[in-house]
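Single-structure report; data block below.
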Amino acid sequence: MNKGITMAVMSSLTFSIMNVLVKLVSTRIPSSEITFFRGLIGTILVLIFMKVQKVKFSNKENKILYLRGLLGGIYMLTYFYAISKLKLGDVSILVQLSGVFVVIFSSIFLKEKLQPKTYIFILAIIIGTCIIINPLKFSSYSQYAIFGILAAAFSGAASITIRYLARSGLHHNYEIMFFFLFISTIVAIPLMYSNFIIPNTKELIILIIIGGISFIAQIFLTGAFSHQNAVIVEFVRYIGIFINNLWGFIIFKETITLQSIIGGTIIVISTILLSKTQKDK
């Protein structure tokens, strides 16, 4: 198997393991606290890697770096909260909406033009999302699903800042990762202050593993984009939906509904076509 594709699959697998651990520990630990520990462990690890590899901070475009960190931090908060309340499979489907937000935000902030047929795919994705969350029959489930959509939106916005930073070529990947992890740690502090729960030994071990495994997943993802066409990497990462559904079925005894299958299929196919349209311009 191609090295880039292998790393993309490994990225999806490691992120899915992180999701399982987040769902396990979120039965008692708030999402803000999980975000804090993930960010703290990741920050320590990235600083170690920067020290070993002698990577220095550029001290350039700091406003965009801070913005990337803020958007990424809010993404983590909403994403972990959605995982704690929804089925893993449904969250993995909803977060794929980030591709739609990337297209929309890139046209607004990066002045990248949209092709006319782009709007057809966006409409199809909206329909697929509505099938999953059923907004006409509002419930606590559809309310929590909104956090999955918000996670996708902030993930898409964060991706735009990464694309902007990548254009300049002034920043090492570790520098961008540092700002994301460090600021997400800071963002989580005021939110967890009033409801902080001291983790027991088992929970603390899980939180540390979450921080470590998410860092490994980021390395795999970066490597995938370095060795393979970005479009192919994006397509391969959809295997994460299958893996998350599998974990949900095996570990949490979750069953996937017909509306999730239909809506998820529409979202995945439409997002793939949308991504291909934008890349093939």
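Backbone N, Cα and C atoms are what each Cβ position is placed from, and that goes for glycine too.
Taken from TrEMBL, the feature domain 'EamA' covers 3-133, 145-275. Residues annotated as transmembrane segment in TrEMBL: 5-22, 34-52, 64-81, 93-110, 119-138, 144-166, 178-198, 204-223, 235-252, 258-275.
The domain 'EamA' (3-133): residue composition by secondary structure is 107 helix, 0 strand, 24 coil, according to DSSP. Sequence-distant contacts of the transmembrane segment (235-252) (same chain, six or more residues past either end, CB-CB distance under 8 Å): 5, 8-9, 11-13, 15-17, 19-20, 23, 87-89, 91-93, 96, 224, 264, 268, 272, 275. Note on the transmembrane segment (178-198): residues 28-30, 32-33, 35-36, 38-40, 42-43, 46-47, 50, 57, 65-66, 68-70, 72-74, 76-77, 158 of its chain, located 6 or more positions outside it, place their CB under 8 angstroms from a CB of the stretch. Residues 3-4, 7-8, 10-11, 14-15, 17-18, 21-22, 24-25, 29, 33-34, 37-42, 45-46, 173, 177 of the same chain, all 6+ positions outside the transmembrane segment (204-223), place their C-beta atoms under 8 angstroms from a C-beta of that stretch. Mean per-residue pLDDT, taken over the domain 'EamA' (3-133), amounts to 89.
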